[in-house]
Amino acid sequence: MKLLENSSFEAINSQLTVETGDAHIIGRIESYSCKMAGDDKHMFKQFCQEGQPHVLEALSPPQTSGLSPSRLSKSQGGEDESPLSDKCSRKTLFYLIATLNESFRPDYDFSTARSHEFSREPSLRWVVNAVNCSLFSAVREDFKALKPQLWNAVDEEICLAECDIYSYNPDLDSDPFGEDGSLWSFNYFFYNKRLKRIVFFSCRSISGSTYTPSEAGNALDLELGAEEADEESGGGGGEGRAEETSTMEEDRVPVICM
(Lines of atoms letter the chains of each structure in order from A and count residues from 1; the text may use other names and numbers.)
(Lines give C-alpha, C1' and ligand atoms only; values in the text may rest on other atoms or scores of the structure.)
Protein backbone atom coordinates (compact mmCIF):
# COMPACT_ATOMS: atom_id res chain seq x y z
CA MET A 1 0.00 0.00 0.00
CA LYS A 2 1.30 3.42 -0.93
CA LEU A 3 0.06 6.69 0.53
CA LEU A 4 -1.02 8.98 -2.32
CA GLU A 5 -0.52 12.71 -2.07
CA ASN A 6 -3.70 14.74 -2.04
CA SER A 7 -3.55 18.46 -1.32
CA SER A 8 -7.32 18.65 -0.73
CA PHE A 9 -7.11 15.98 1.96
CA GLU A 10 -4.17 17.76 3.58
CA ALA A 11 -6.18 20.97 3.80
CA ILE A 12 -9.19 19.15 5.23
CA ASN A 13 -7.08 17.19 7.72
CA SER A 14 -5.74 20.44 9.12
CA GLN A 15 -9.34 21.22 10.05
CA LEU A 16 -10.18 17.80 11.42
CA THR A 17 -8.24 18.31 14.63
CA VAL A 18 -10.23 20.63 16.85
CA GLU A 19 -10.91 21.36 20.50
CA THR A 20 -14.57 21.64 21.43
CA GLY A 21 -14.15 22.45 25.11
CA ASP A 22 -15.34 19.14 26.52
CA ALA A 23 -13.51 17.01 23.98
CA HIS A 24 -10.92 16.94 21.23
CA ILE A 25 -11.71 15.70 17.74
CA ILE A 26 -8.84 14.06 15.84
CA GLY A 27 -9.50 12.95 12.28
CA ARG A 28 -7.78 12.36 8.98
CA ILE A 29 -8.56 11.25 5.44
CA GLU A 30 -5.91 9.41 3.43
CA SER A 31 -5.74 7.83 0.00
CA TYR A 32 -3.84 4.59 -0.65
CA SER A 33 -2.95 2.70 -3.80
CA CYS A 34 -3.70 -1.03 -3.66
CA LYS A 35 -0.87 -1.86 -6.04
CA MET A 36 1.47 -4.14 -4.12
CA ALA A 37 5.24 -3.95 -4.19
CA GLY A 38 8.11 -5.15 -2.03
CA ASP A 39 7.01 -5.88 1.53
CA ASP A 40 3.35 -5.91 0.53
CA LYS A 41 3.88 -8.83 -1.85
CA HIS A 42 5.73 -10.77 0.83
CA MET A 43 3.02 -10.10 3.41
CA PHE A 44 0.32 -11.04 0.90
CA LYS A 45 1.95 -14.42 0.23
CA GLN A 46 2.07 -15.10 3.97
CA PHE A 47 -1.53 -13.97 4.35
CA CYS A 48 -2.69 -16.30 1.57
CA GLN A 49 -1.17 -19.32 3.28
CA GLU A 50 -4.36 -19.40 5.37
CA GLY A 51 -6.57 -19.34 2.27
CA GLN A 52 -6.58 -18.45 -1.41
CA PRO A 53 -7.06 -14.77 -2.43
CA HIS A 54 -10.59 -15.30 -3.75
CA VAL A 55 -11.84 -17.33 -0.79
CA LEU A 56 -14.68 -15.43 0.87
CA GLU A 57 -14.44 -14.40 4.52
CA ALA A 58 -17.45 -13.70 6.74
CA LEU A 59 -17.77 -10.14 8.06
CA SER A 60 -19.65 -8.77 11.05
CA PRO A 61 -22.95 -6.91 10.59
CA PRO A 62 -22.49 -3.16 10.09
CA GLN A 63 -22.83 -0.85 13.06
CA THR A 64 -24.48 1.97 11.11
CA SER A 65 -27.77 0.10 11.01
CA GLY A 66 -29.64 -2.88 12.32
CA LEU A 67 -29.53 -4.55 8.91
CA SER A 68 -26.69 -6.22 7.09
CA PRO A 69 -26.30 -5.46 3.36
CA SER A 70 -27.65 -8.89 2.43
CA ARG A 71 -30.71 -8.54 4.68
CA LEU A 72 -31.25 -5.04 3.34
CA SER A 73 -31.34 -6.28 -0.24
CA LYS A 74 -33.77 -9.05 0.71
CA SER A 75 -36.04 -6.71 2.64
CA GLN A 76 -36.24 -4.44 -0.39
CA GLY A 77 -37.27 -7.36 -2.57
CA GLY A 78 -34.42 -6.96 -5.02
CA GLU A 79 -33.96 -9.73 -7.56
CA ASP A 80 -30.20 -9.36 -7.37
CA GLU A 81 -30.02 -10.08 -3.66
CA SER A 82 -26.86 -11.87 -2.69
CA PRO A 83 -26.33 -14.14 0.32
CA LEU A 84 -22.65 -13.20 0.09
CA SER A 85 -23.14 -9.49 0.75
CA ASP A 86 -21.69 -9.85 4.24
CA LYS A 87 -18.50 -11.42 2.97
CA CYS A 88 -15.40 -10.25 1.16
CA SER A 89 -12.50 -11.96 -0.53
CA ARG A 90 -9.30 -12.55 1.38
CA LYS A 91 -7.56 -10.24 -1.07
CA THR A 92 -9.91 -7.39 -0.15
CA LEU A 93 -9.46 -8.22 3.52
CA PHE A 94 -5.70 -7.97 3.03
CA TYR A 95 -6.09 -4.52 1.49
CA LEU A 96 -8.07 -3.35 4.52
CA ILE A 97 -5.52 -4.71 6.98
CA ALA A 98 -2.59 -3.34 4.97
CA THR A 99 -4.25 0.09 4.94
CA LEU A 100 -4.55 0.04 8.73
CA ASN A 101 -0.91 -0.98 9.08
CA GLU A 102 0.26 1.79 6.78
CA SER A 103 -1.91 4.43 8.42
CA PHE A 104 -1.07 3.62 12.04
CA ARG A 105 2.53 2.47 11.76
CA PRO A 106 4.72 2.24 13.74
CA ASP A 107 2.40 2.45 16.76
CA TYR A 108 0.13 -0.46 15.88
CA ASP A 109 0.30 -3.75 13.99
CA PHE A 110 -2.93 -5.12 12.56
CA SER A 111 -1.44 -8.20 10.90
CA THR A 112 -3.47 -10.51 13.15
CA ALA A 113 -6.79 -8.74 12.50
CA ARG A 114 -9.61 -11.08 11.48
CA SER A 115 -12.56 -10.69 9.16
CA HIS A 116 -15.11 -10.48 12.00
CA GLU A 117 -13.52 -7.15 13.02
CA PHE A 118 -14.67 -5.63 9.72
CA SER A 119 -18.10 -4.88 8.31
CA ARG A 120 -19.44 -4.02 4.90
CA GLU A 121 -21.66 -0.96 5.13
CA PRO A 122 -25.18 -1.08 3.62
CA SER A 123 -25.01 2.12 1.60
CA LEU A 124 -23.08 5.30 0.97
CA ARG A 125 -26.01 7.34 2.27
CA TRP A 126 -25.93 5.62 5.65
CA VAL A 127 -22.19 6.06 6.02
CA VAL A 128 -22.32 9.74 5.06
CA ASN A 129 -25.13 10.24 7.55
CA ALA A 130 -23.22 8.44 10.32
CA VAL A 131 -20.09 10.54 9.73
CA ASN A 132 -22.05 13.77 9.50
CA CYS A 133 -23.99 13.06 12.68
CA SER A 134 -20.82 12.26 14.63
CA LEU A 135 -18.98 15.38 13.51
CA PHE A 136 -21.97 17.70 13.71
CA SER A 137 -22.74 16.55 17.26
CA ALA A 138 -19.14 17.34 18.18
CA VAL A 139 -18.53 20.72 16.54
CA ARG A 140 -22.05 21.85 15.59
CA GLU A 141 -22.29 24.77 13.18
CA ASP A 142 -18.55 24.77 12.50
CA PHE A 143 -18.96 21.53 10.55
CA LYS A 144 -21.46 22.91 8.04
CA ALA A 145 -18.83 24.80 6.04
CA LEU A 146 -16.43 21.85 5.87
CA LYS A 147 -19.07 19.26 5.01
CA PRO A 148 -19.44 19.83 1.23
CA GLN A 149 -15.71 20.41 0.85
CA LEU A 150 -14.96 17.13 2.61
CA TRP A 151 -17.30 14.92 0.62
CA ASN A 152 -16.49 16.57 -2.70
CA ALA A 153 -12.79 15.89 -2.09
CA VAL A 154 -13.47 12.25 -1.23
CA ASP A 155 -15.68 11.82 -4.30
CA GLU A 156 -13.08 13.34 -6.62
CA GLU A 157 -10.42 11.00 -5.25
CA ILE A 158 -12.32 7.72 -5.13
CA CYS A 159 -15.62 8.08 -7.10
CA LEU A 160 -17.99 7.22 -4.26
CA ALA A 161 -20.68 5.78 -6.52
CA GLU A 162 -18.32 2.94 -7.48
CA CYS A 163 -17.14 2.12 -3.96
CA ASP A 164 -17.69 -0.74 -1.59
CA ILE A 165 -17.53 0.71 1.92
CA TYR A 166 -16.10 -1.18 4.87
CA SER A 167 -15.59 -0.29 8.51
CA TYR A 168 -13.18 -1.51 11.15
CA ASN A 169 -14.89 -2.34 14.45
CA PRO A 170 -12.39 -4.15 16.70
CA ASP A 171 -12.79 -5.35 20.25
CA LEU A 172 -11.39 -3.14 23.02
CA ASP A 173 -8.08 -5.01 23.17
CA SER A 174 -7.38 -4.42 19.48
CA ASP A 175 -8.85 -0.95 19.12
CA PRO A 176 -6.16 1.74 18.66
CA PHE A 177 -8.76 4.24 19.88
CA GLY A 178 -9.83 2.18 22.88
CA GLU A 179 -7.78 4.09 25.43
CA ASP A 180 -9.22 5.78 28.50
CA GLY A 181 -11.16 8.89 27.64
CA SER A 182 -12.21 7.74 24.17
CA LEU A 183 -15.79 8.91 23.55
CA TRP A 184 -16.35 7.60 20.02
CA SER A 185 -14.46 6.71 16.88
CA PHE A 186 -14.98 5.47 13.35
CA ASN A 187 -12.77 3.94 10.67
CA TYR A 188 -14.21 3.75 7.15
CA PHE A 189 -12.64 2.35 3.98
CA PHE A 190 -13.96 3.51 0.60
CA TYR A 191 -12.67 0.85 -1.80
CA ASN A 192 -12.79 1.37 -5.56
CA LYS A 193 -11.81 -1.88 -7.23
CA ARG A 194 -11.49 -0.30 -10.68
CA LEU A 195 -9.11 2.39 -9.47
CA LYS A 196 -7.31 -0.08 -7.17
CA ARG A 197 -7.49 2.55 -4.47
CA ILE A 198 -8.78 2.97 -0.91
CA VAL A 199 -9.68 6.20 0.84
CA PHE A 200 -9.40 5.72 4.59
CA PHE A 201 -11.37 8.06 6.86
CA SER A 202 -10.52 7.76 10.54
CA CYS A 203 -11.77 9.98 13.35
CA ARG A 204 -12.11 9.89 17.13
CA SER A 205 -13.29 12.03 20.01
CA ILE A 206 -11.28 12.14 23.23
CA SER A 207 -12.44 13.55 26.54
CA GLY A 208 -10.74 16.87 27.24
CA SER A 209 -9.67 15.67 30.69
CA THR A 210 -7.52 12.86 29.26
CA TYR A 211 -6.32 14.46 26.01
CA THR A 212 -2.67 15.32 25.44
CA PRO A 213 -1.36 17.25 22.38
CA SER A 214 0.88 14.34 21.38
CA GLU A 215 -2.23 12.28 20.61
CA ALA A 216 -2.94 14.60 17.71
CA GLY A 217 0.54 14.13 16.35
CA ASN A 218 1.95 17.34 17.82
CA ALA A 219 4.75 15.79 19.84
CA LEU A 220 7.36 16.75 17.24
CA ASP A 221 6.10 20.33 17.16
CA LEU A 222 6.45 20.56 20.92
CA GLU A 223 10.00 19.18 20.80
CA LEU A 224 11.02 21.63 18.09
CA GLY A 225 9.46 24.47 20.04
CA ALA A 226 11.41 23.51 23.14
CA GLU A 227 14.68 23.40 21.19
CA GLU A 228 14.06 26.85 19.72
CA ALA A 229 13.20 28.22 23.15
CA ASP A 230 16.48 26.85 24.55
CA GLU A 231 18.46 28.46 21.74
CA GLU A 232 16.83 31.83 22.32
CA SER A 233 16.74 31.74 26.12
CA GLY A 234 19.89 33.83 26.41
CA GLY A 235 18.58 36.77 24.36
CA GLY A 236 15.03 37.31 25.48
CA GLY A 237 13.81 34.83 22.91
CA GLY A 238 11.56 33.21 25.49
CA GLU A 239 9.39 36.31 25.73
CA GLY A 240 9.19 36.61 21.94
CA ARG A 241 8.28 32.96 21.72
CA ALA A 242 5.42 33.46 24.17
CA GLU A 243 4.09 36.39 22.12
CA GLU A 244 4.28 34.33 18.91
CA THR A 245 2.43 31.43 20.52
CA SER A 246 -0.27 33.78 21.77
CA THR A 247 -0.73 35.19 18.27
CA MET A 248 -1.00 31.71 16.79
CA GLU A 249 -3.68 30.78 19.31
CA GLU A 250 -5.70 33.87 18.41
CA ASP A 251 -5.47 33.09 14.68
CA ARG A 252 -6.47 29.45 15.03
CA VAL A 253 -9.79 28.70 13.36
CA PRO A 254 -12.03 25.93 14.72
CA VAL A 255 -12.29 22.85 12.52
CA ILE A 256 -15.41 22.49 10.41
CA CYS A 257 -16.99 19.16 9.64
CA MET A 258 -20.14 18.13 7.84
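Quick reminder: no glycine exception, Cβ is built from N, Cα and C everywhere.
Summarising the annotation, Swiss-Prot assigns region 'Disordered' to 58-85 (among others).
In the three-state DSSP scheme, Ser60 (phosphoserine) is classed as strand. Every protein chain shown contributes to the tally, and the Cβ of Ser60 (phosphoserine) ends up with 16 other Cβ atoms within 10 Å. According to Swiss-Prot, the phosphoserine annotation covers Ser60 (among others), on the basis of similarity to another entry.
Marked as compositional bias 'Polar residues' by Swiss-Prot: 61-76.
Summarising the annotation, Swiss-Prot assigns phosphothreonine to Thr64 (among others).
The phosphoserine annotation in Swiss-Prot covers Ser65 (among others) and rests on similarity to another entry.
Sequence annotations record features per position, and here Swiss-Prot assigns phosphoserine to Ser68 (among others).
Taken from Swiss-Prot, the feature phosphoserine applies to Ser70 (among others).
The phosphoserine annotation in Swiss-Prot covers Ser75 (among others) and rests on similarity to another entry.
Per Swiss-Prot, the feature phosphothreonine maps to Thr212 (among others).
Under the heading phosphoserine, Swiss-Prot lists Ser214 (among others).
The region 'Disordered' annotation in Swiss-Prot covers 226-253 (among others).
Look at Swiss-Prot and you will find 240-253 tagged as compositional bias 'Basic and acidic residues'.
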